[in-house]
């Protein structure tokens, strides 16, 4: 096979990637080379958030899991003792719900799992119990991991419904309760009425990222139908009550008059007392919601919205009466169906009043002073943007967003706000809400941040105040301080997400940690409850460290709390625990050593959807249960995955099962593409044409390896182009190391594609040193092996090496072969040739003779001067340059040259004449003409030459 053909435009399709994949996976399994135990080497412990087994592993899993897999392989090459393993998440209600849906033969579910998850119909219809689903998808997940060539220690694998794992979770919850972190009480939670359970993100079909939003209900009052009534107005900005000029109701909707009682929970009991809270007029949907939020609602009558128009209601803060006016934009699914109007500051309100011709009648009341705005910000921005009416929704959204942002960051309450005058908008909400509640002019109502929040069972979720519920008190300020301390000392990839974790900790509230149904561990101190799935998955990384011992045959009964106290906290005596647990003391000591060796966790890897829940909970639980020396050290976050621009969906598609990708493209192609197609925080869009290109380029490396082994590798004196290729290759060792260390895996892909281009250039420049090519292939096979291990194992074997490349050390760079001048020289030649092509194209000539002129010496001196002062901008640089006599005499030409050099980039000066002379034969062959370097100055062209840009004349 001719190497020149191999590194040309197309690679051979002579290699069977699937066959290679099968071969090396079998060899790895037989050799057990990825099983890890404590020894004298430095350790490296990396994990990813384990998958939930209600479907096959898909492209999103592939990206999230291949990143730590790649880093694990790299760290082994750095002689680290790497622990990299996986468990499976099965607890909670989704699997239970799926089993019921299959049992009921739900058409959409049957279609999805048959067509998207590729489950044969006869097998699918048997998945009508949680146990069958767990067995099916745990096997498929295991097979998918193995088909992708993941270098896992399978001895540590577990499922979260394992009885032995439940003993670990029981220990965790006993500890949290002892510390006062678990309490019982009433709290608003996301709730499924059909399942009769609080629901978490994993339980949802829609609205996984929804949060619970706290609205203030401002209690306006009036008389209606002969009764004193309250008309509560829901708002996220209670300070705006000072600027209310009217209120909006929807004339086309149904409202209710209802008698409201507050439910007051009795001490140490789930029973309640009722406290009368007046007669309210609210939307019908609002009444249904408030029934679930510590209120008893008795409907007295229904009222059409149109019947309320013109009613005067009293502002409880300003004591002014304002009218109810009609507005079709009032959404009954949010708040109470009655909305405060603040037209001085809300563009929607101002435009709606203007459309009704009511602006002058009700007036405008300013309440916030904002730098850069006049007295009435909404009026000003509406007129500035030319908003015609309420149909200009896009402009209204733009106006509203800008004003609210500016008010929050720069606004202060004005003299219309009484005792609150001068307080900034960003600081007022909490104080004002507290004052209003204490004065009985406001209450709290909870809504979702998204309107569509649906349980996996298909039921629409609500916010319910659950009584007698167990909570983890993540709102504890002292606990939050420890979490912040942990975050401050962690590594993050990308670094920019650190602040997001701080924000999540600040916003964290108490969280329901148990439910009445589903799979999982029974709450050890209240057997009526089951620990929910985001609470039993916060410290299981510690379980990995001892799972191999447990999986050798320990029983749940042997895993007594004292065992975990000793292993994880160092409390107690191994001999005493051995007597009580019937576990050998030596095994207990080994478990303790293994934990101390591998902990803390070096890196936790996940997609960004787990930041507000699992990952933040992980930090909280670690700082509560473990000493600082065992707090997690790093978190890596990647973006989502789409398929040809379409969002992944387990129920609607696309899914792209991992096993399908492995069989169609080969594991290495999938691994290479998914880790290198996007920067870490960006979403990755899988495009099959690009995967095919990746496959072709990987095959080129294989074919090159075969070709260099077929040809003689006689020692030759190194040419300049040989030295250039070696420089590029040995420079790549350092660059790749940095990329791996910083999780910048896209750079590995870009470097590989650059290698392919470099090999083409090497061939084009006459490179033919087989020894050099073999050296390049050996190094790059190592550099790529963490990403494409099967192909690299095969190449390593073809190169004549015994053993696994998976156990080789990372290549060592050779500083003596790194010479930046070589790289700058070749880039200079490429640039000059591009300029020649452009001139030929514009002039439309085929020259017989071509003159290349390099710059005058003073121009190189200027380049060096700029290089020495590279931190200076042009404005600062010019006075410094003009102080030098050798530059000053060239006057305006200097100014122009500085700008031109800045455009091409300030680089060190190189021997351009020598470089062009050495490349002259090559350039002549490329353009089929005679090349003269710095010959006679034909038509005065030489003066146009600048460093890195030779002047060109053709004839």
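Using the three backbone atoms N, Cα and C, a Cβ is placed for every residue, glycine included.
The range from 18-28, 29-39, 40-50, 51-61 that Swiss-Prot describes as motif ''HIGH' region' is residues 51-61. As annotated in Swiss-Prot, motif ''KMSKS' region' covers the listed stretch 647-651 rather than the other ranges in 637-641, 642-646, 647-651, 652-656. Counting same-chain residues at least six beyond the ends of the motif ''HIGH' region' (51-61), those with a Cβ under 8 angstroms from any Cβ of the stretch are 88-90, 92, 94-95, 98, 113, 117-119, 133-134, 137-138, 140-141, 144-145, 159, 202, 533, 607, 640-641, 643, 648, 650, 655-659, 661, 674, 686. Secondary structure of the motif ''KMSKS' region' (647-651), assigned with DSSP and counted as helix (H, G, I), strand (E, B) and coil, comes to 0 helix, 1 strand, 4 coil.
Sequence-distant contacts of residue 650 (ATP binding site), defined by Cβ-Cβ distance under 8 angstroms and a gap of at least six in the same chain, are 54, 55, 58, 112, 116, 117.
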